[in-house]
Amino acid sequence: MGTEIPRSAEISEALLPPESEKTVTATEEHVPEWKEQITIRGLTVSALLGTLFCIITHKLNLTVGIIPSLNVAAGLLGFFFVKSWTGFLSKLGFTVKPFTKQENTVIQTCVVACYGLAFSGGFGSYLIAMDEKTYKLIGADYPGNHAEDVINPGLWWMIGFLFVVSFLGLFSLVPLRKVMVLDYKLTYPSGTATAMLINSFHTNTGAELAGNQVKCLGKYLSLSLIWSCFKWFFSGIGDACGFDNFPTLGLTLFKNTFYFDFSPTYIGCGLICPHIVNCSVLLGAIISWGILWPFVSQHAGDWYPADLGSNDFKGLYGYKVFIAIAIILGDGLYNLVKIIAVTVKELCSSRSRRLNLPIVTDGVDDSEASEILLVKKKRDEVFLKDRIPLEFAIAGYVGLAAISTATIPIIFPPLKWYFVLCSYFIAPALAFCNSYGTGLTDWSLASTYGKIGLFIIASVVGSDGGVIAGLAACGVMMSIVSTAADLMQDFKTGYLTLSSAKSMFVSQLVGTAMGCVIAPLTFWLFWTAFDIGDPNGPYKAPYAVIFREMAILGIEGFAELPKHCLALCYGFFIAALIVNLLRDITPPKISQFIPIPMAMAVPFYIGAYFAIDMFVGTVILFVWERINRKDAEDFAGAVASGLICGDGIWTIPSAILSILRINPPICMYFGPSSAR
């Protein structure tokens, strides 16, 4: 699993249509039937964009594990492709079906469902943690790390696994869609922001701005693609050449991974992610690679044997991995308890629900109030019109659970059928908690629920297959909880764009089916072409080691940690709890400057280089906002998406060249003058 950045997006006022325009749209426009909202052209565009975003997600997941939201890019590119296609056919004299915001919403839903499986499918976490390379990296003699707990990636079993686990979450909460969206009036900030964006595309003002945003995205996509191609020529053979190893801050800092590697992807991530996330990542890099690891290294020979390899868990590498795990678990545990507490409080107290739920209740005059009521009535009517039968949802969940319970033990023999069945009994409750929490805070804790399942099953199964059983259970739980929250988010988007709930559900099913095939295929491209899991290469797959170590930890405990490592882990675990608590109890003007522990944890294990890149992105955005905030709000997302997509597209020809054993012609290398 990667660290997924909260998916809320800031929408500038120019993107929001005037109130009168919204009222006319909501009360007078013709709303297509749900079948008309799902089109062949829309599904074709969804498949193309889903493939692109799966590649981007895999690249981020296998390199640093931080995945920003690509929802804005999905909506924007979906609008651009279909609008361009309809315009082209119209000029040729063909009669084309108008492109509606409902069709745009279906495309958005389908794309997000597709590339979401590249994240929740575990290709950078629990699935790849099972492979032989991760086993060898931890060490054959490491307690609890057994050779029989190895299952290497295989295209067909991965596709089969995704098909049997990815659909259950969609059926688990369908009966509660009215409760979550209409009764509790949960905001689902990302879903609301996406809906406002799509609504704006289909107004005259918004369409013009969207056209300019697409031009901007295309410009920076081209620049990023050209730059990535240029960099390839100097990257040589191995992992020590090229711009990716440019000692921009000097050779001393370069040894501690402090350098700028000219990556368009990470700069784009810095432009998309909030300033506090980027600054938290940089602070984590400074604490770990600037202070902590040099300090621990000074005690080599005392705290751990000095002659160990750089990837030996009995040495410095063990500190890096386990302290990162401690911070991640501390952050995840705090947020889990917080979300459950908020959920219970809001559900048990109607008074608290009325007062505290984040519902927009701005003061309006009588005429505006009547217009808002008309809009709400229309949305409610459309949302409730196409009913999804309760019997269908229950039958779907029970049927899929039965198939999954019979199939998963065949793929992962240590995970017995009764463990799978127990997971499916408790999954709907956890899916509800996660969906409700996402609606309130925009923060999905799917990975935290997955880690809980990992620890419990690994400890129960024990040393005889516990690692594989725990990792597989993590995947089962994560898939259900994640897709359920995504579906509710999409229902909120559909509600605000006057899209049918049935078309949202069907498009989520279609997108998930696409993802079950596209996500493994695009991962297989990386797996075949690149050295995935090499700790010294670009595709480190950092969370593979972390997840396997978590499973081993659930079985063996802390017996084999290096000296003082456990004490440091306790310290950072408690620090993560305290920092999160401070973020919640201090006033917003102070809490906005308190770092996020989860973001700080990522560079502890990976390195500081990507933190430099992301900080460059956030500095560019900060300066841009000071010079022209309006332009920054309108175009920063397009620039970032272009940088990320261009670099992602280059991955395809780069992988093909690697498969064909065509190496870059030049190795650009830097060393000290005294070495000559």
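Note that Cβ sites are derived from N, Cα and C of the backbone, with glycine treated the same way.
Among residues of the same chain six or more beyond the transmembrane segment (38-58), those with a C-beta under 8 A of the stretch's C-beta atoms are 67, 70, 73-74, 77-78, 81-82, 85, 97, 103, 106-107, 110-111, 114-115, 117-119, 123-124, 265, 503, 506-507, 510-511, 514-515, 518-519, 522-523, 525-526, 644-645, 648-649, 651-652. The transmembrane segment annotation in Swiss-Prot covers 38-58 (among others) and rests on sequence analysis.
Per Swiss-Prot, the feature transmembrane segment maps to 62-82 (among others); the stated evidence is sequence analysis.
Look at Swiss-Prot and you will find 110-130 (among others) tagged as transmembrane segment.
Per Swiss-Prot, the feature transmembrane segment maps to 154-174 (among others); the stated evidence is sequence analysis. Within its own chain, the transmembrane segment (154-174) has Cβ neighbours under 8 Å at 117, 120-121, 127, 180, 388, 393-394, 396-397, 400-401, 403-404, 407-408, 411, 424, 427-428, 431-432, 435, 475-476, 479-484, 486-488, 505, 508-509, 512-513, 515-517, 519-521, 523-524, counting only residues six or more beyond its boundaries.
Positions annotated as transmembrane segment by Swiss-Prot, on the basis of sequence analysis: 276-296 (among others).
Taken from Swiss-Prot, the feature transmembrane segment covers 321-341 (among others), and the record attributes it to sequence analysis.
If you look up Swiss-Prot, you'll see 392-412 (among others) marked as transmembrane segment, on the strength of sequence analysis. Long-range contacts of the transmembrane segment (392-412) within its own chain (CB-CB distance under 8 A, at least 6 residues past either end) are made by residues 151, 157, 160-161, 164-165, 167-168, 170-172, 174-175, 420-421, 424, 428, 468-469, 472, 476.
Taken from Swiss-Prot, the feature transmembrane segment covers 452-472 (among others).
Residues annotated as transmembrane segment in Swiss-Prot: 510-530 (among others).
Swiss-Prot lists 561-581 (among others) with the feature transmembrane segment.
Per Swiss-Prot, the feature transmembrane segment maps to 604-624 (among others).
What Swiss-Prot lists as transmembrane segment is 639-659 (among others), and the listing cites sequence analysis. Non-local neighbours of the transmembrane segment (639-659) in the same chain are 52, 55-56, 59, 68, 70, 72-73, 76-77, 216-229, 232, 263-265, 267-272, 525-526, 528-530, 617; each lies 6+ residues outside the stretch with a CB under 8 Å from one of its CB atoms.
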Under 8 Å Cβ-Cβ from the transmembrane segment (604-624), and at least six residues away from its ends along the same chain, one finds 63-66, 249, 256-263, 266-273, 275, 278-279, 281-282, 284-286, 288-290, 320-321, 323-324, 327, 540, 542, 545-546, 631-632, 636, 640
Between the transmembrane segment (510-530) and the transmembrane segment (321-341), are there three or more C-beta pairs closer than 8 Å, counting only pairs 6 or more apart along the chain?
no
Given the transmembrane segment (110-130), its same-chain partners at Cβ distance under 8 Å and 6+ residues beyond its ends are 1-2, 4, 42-43, 46-47, 49-50, 53-54, 56-58, 61-62, 65, 67, 70-71, 74, 78, 149-153, 158, 161-162, 166, 446-447, 450, 454, 467-468, 471-472, 474-475, 478-479, 482-483, 486, 490, 507-508, 510-512, 514-516, 518-520, 522-523, 532-533, 541, 543-548, 551
The answer for the transmembrane segment (452-472), taking Cβ pairs under 8 Å and residues 6+ beyond its ends, is 122, 126-127, 129-130, 144-146, 148-149, 151, 336, 408, 411-416, 419, 423, 478, 547-548, 550-556
